[in-house]
């Protein structure tokens with residue numbers, strides 16, 4: 001079925017690999033329940049604090065037009081994450097392990113450094129989002145909030161001891177909080193249903209408007225997260241699979257793909273709700289919505305959002321922001337462990353790995369916070385730069401993924417079919433070109 005892989009390596013996330021039993025000869029729904037869970041962890045990366053400002057600003061500036069961009073981005077994400085899960089299930093290796101085995105030492109070292117920096121960039125967005133949420137909810141000084149957020153490594157260490165199913169349940173709960181909050185706020189905002197439906201139809205207007213195109217690139221560039229591709233290839237292996245049994249492998253691929261697509265559909269709904277909220281409440285206003293604090297204040301200002309304005313809406317927004325940040329903590333930690341163990345085969349205690357990654361991520365945020373005396377606007381600029389770097393890092397994960405899943409020598413009969421390969425390479429090239437354009441425009445090198 002696939003070529004023999006290096007057996008001296010330990011399994012990906014060894015402590016939870018194959019730890020969840022799947023009932024044999026069970027019905028569709030019972031089997032789906034057994035495979036459900038990893039998709040929630042994947043979906044978190046598609047609704048983290050780094051995506052919020054772009055989606056809401058897109059609605060505020062261009063109403064519902066950019067909903068089609070969110071739809072396209074979500075379809076690309078579903079394709080790549082399905083390939084990531086397939087890779088892990090068929091080979092029994094994660095993307096980091098395979099990349100190390102199949103590249104030279106120099107290339108492997110470069111890819112490892114980029115992957116580690118991507119984890120740090122993801123952490124920065126989570127730290128800033130959580131720190132600001134704590135300030136908004138409890139009036140904790142931002143610097144103190146950042147330090148509290150940094151200490152959440154202890155939370156994850158406790159969760160890992162409870163078992164992977166418990167982690168999945170906690171993340172699912174946090175995702176549900178985010179979904180419910182924004183669904184409620186959108187219902188109150190009374191959006192245009194016809195405008196929403198029309199917004200999902202791609203418009204050539206986007207290509208002819210520089211501001212609209214720039215925001216579109218931001219949405220696409222922030223959608224597929226590099227660390228999620230490493231994560232997906234690993235946590236797809238948490239279910240017990242007999243790789244000598246073709247039917248068992250095919251079943252695992254099928255249900256893991258369904259789980260991933262279901263949860264990414266939820267992420268698509270959340271991102272759509274963010275844009276719809278921006279369109280329904282802020283379109284046509286002169287308010288600045290480039291910061292979390294601006295959005296928080298606007299939701300309780302009846303001169304901006306009208307009669308529905310209330311402190312409750314603002315508080316719910318901050319609660320959702322905190323839930324988004326904390327759920328990212330879990331996935332960031334697991335991704336960091338996968339990357340470190342896979343690329344350099346360095347098995348260190350989880351608390352050491354997490355602490356090192358966390359300190360490196362907190363340091364620039366803390367330095368910014370102290371230097372600018374807790375000025376949220378300046379600190380959120382760092383969040384923007386972290387998202388730009390994730391765009392830079394994306395091809396370094398996507399290209400190996402497409403190559404490996406298209407290899408019949410590696411994947412056997414489960415290699416990408418011709419149409420999947422064509423779609424994957426097309427999506428990859430589009431993502432790379434869009435990200436290059438976004439980076440150049442962000443740096444002011446093109447107008």
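Glycine residues also receive a Cβ, built from the backbone N, Cα and C atoms like all the rest.
Record features (Swiss-Prot):
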type	residues	note
TRANSMEM	26-48	transmembrane segment
TRANSMEM	65-85	transmembrane segment
TRANSMEM	108-128	transmembrane segment
TRANSMEM	140-160	transmembrane segment
TRANSMEM	169-189	transmembrane segment
TRANSMEM	212-232	transmembrane segment
TRANSMEM	264-284	transmembrane segment
TRANSMEM	304-324	transmembrane segment
TRANSMEM	359-379	transmembrane segment
TRANSMEM	383-403	transmembrane segment
TRANSMEM	426-446	transmembrane segment
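Only residues 6 or more beyond the boundaries of the transmembrane segment (108-128), in the same chain, are considered here, and those with a CB under 8 A from a CB of the stretch are 45, 48-50, 96, 99-100, 146, 149-150, 225-227, 230, 324-326, 328-329, 332, 335-336, 339-340, 343-344, 357-358, 360-362, 364-365, 379-380, 382-383, 386-387, 389-390, 392-393, 396-397, 400. Sequence-distant neighbours of the transmembrane segment (383-403) (same chain, 6+ residues past either end, Cβ-Cβ under 8 Å): 49-50, 53, 80, 83-84, 87, 95, 98-99, 102-103, 110-111, 114-115, 117-118, 121-122, 124-125, 128-129, 218, 221-222, 224-227, 229-230, 233, 416, 421, 424-425, 428, 431-432, 435, 438-439, 442.
Against the transmembrane segment (169-189), stretch 304-324 has more CB pairs under 8 A than any other of 26-48, 212-232, 304-324, 359-379, 426-446. The list of residues near the transmembrane segment (359-379) in space but at least 6 beyond its ends in sequence, with Cβ under 8 angstroms from a Cβ of it, reads 119-120, 123-124, 127-128, 131-132, 135, 141-143, 146-147, 149-150, 290-293. By the count of Cβ pairs under 8 Å, the stretch nearest in packing to the transmembrane segment (304-324) among 26-48, 212-232, 426-446 is 26-48. Here the listed stretches are 26-48, 65-85, 212-232, 264-284, and the one with the most C-beta pairs under 8 angstroms to the transmembrane segment (426-446) is 212-232. Ranked by number of Cβ pairs under 8 Å to the transmembrane segment (212-232), the listed stretches 26-48, 65-85, 264-284 are led by 65-85.
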